Amino acid sequence: MSGLLDLLEIRKAYGDTRVLEGVALSLAPGEVVSLLGPSGCGKSTLLRIAAGLDDDFQGTVERNPILGFGPDGENGRSGGIGVVFQEPRLLPWLTVAQNVGFADGWLEDEHWVERLLADVGLAGCGGLLPKQLSGGMAQRAAIARGLYGRPQVLLLDEPFSAVDAFTRMRLQDLLQDVVQNYEISVLLVTHDLDEAFYLADRVLLMGGRPGHIRREFHVPLARPRDRRAVELAYLRGEALTEMQRAHVL
């Protein structure tokens with residue numbers, strides 16, 4: 001493996017309970033990979049390991065040196081990894097703009113914050129407090145915060161599961177735009193079949209306890225995509241059959 005981010009033979013246990021066993025994946029530049037599977041199969045644990053938020057595991061995480069570039073690196077990108085969680089986790093005493101720029105010294109780059117907010121559909125909302133946002137708006141702010149450091153890789157842990165179906169579709173379309181406009185690689189954790197195949201170039205189906213990758217699906221469709229595409233319906237059916245065969249539904 002030689003991608004931007006490589007996970008090699010990852011194993012993880014909580015005491016005597018093994019939660020991950022021999023998981024390997026690679027994320028290439030500009031690629032979107034979905035980790036699809038039921039609750040409890042280790043998807044979120046694997047993402048935390050990839051993000052560097054959990055170092056109590058066996059195996060290897062290899063990050064391409066480009067992820068360590070400073071602010072003056074190629075194309076003005078700082079490199080590194082951005083993370084978006086299931087809940088927005090906005091600090092309630094800060095404005096939306098302050099939340100987005102908080103990680104880099106309290107709005108050192110206000111113009112960049114304004115651009116990010118515009119790109120995620122929150123133009124003019126920078127002065128609002130989190131309590132004034134809807135759930136979908138708060139998650140848009142969280143995505144902007146994840147992009148603030150100009151990362152090469154964005155990791156998302158079920159980022160749209162807490163919003164209604166219509167808001168979820170709008171946020172999925174927003175993520176497609178982000179991938180194209182920012183030329184970013186994405187690792188997405190989801191339990192939603194439609195979401196996994198609509199957004200990803202590759203879908204890694206996880207299951208079992210301890211969790212492992214059961215099957216890999218390639219999605220050979222250009223973006224933007226049509227949710228009604230026959231190819232997507234076929235791939236969803238294949239994944240559903242595999243999940244039923246593995247008794248994970």
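For all residues, glycine too, the Cβ spot is worked out from N, Cα and C.
Record features, source Swiss-Prot:
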BINDING   Gly37, Pro38, Ser39, Gly40, Cys41, Gly42, Lys43, Ser44  ATP binding site
DOMAIN    5-233  domain 'ABC transporter'
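With respect to Cβ neighbours within 10 Å, the binding-site residues Ser39, Ser44 differ, and Ser39 shows the lowest count.
The binding-site residues listed here are Pro38, Gly40, Gly42; among them, Gly42 has the most other Cβ atoms within 10 Å of its own Cβ.
Excluding Gly37, Pro38, Ser39, Gly40, Cys41, Gly42, Lys43, Ser44 themselves, the residues of that chain whose CB lies within 8 A of the CB mean position for the ATP site are, in sequence, His191, Met206, Gly211.
DSSP assigns Ser44 (ATP binding site) to a helical segment in the three-state reduction.
Around the Cβ of Cys41 (ATP binding site), 25 further Cβ atoms fall within 10 Å across all displayed protein chains.
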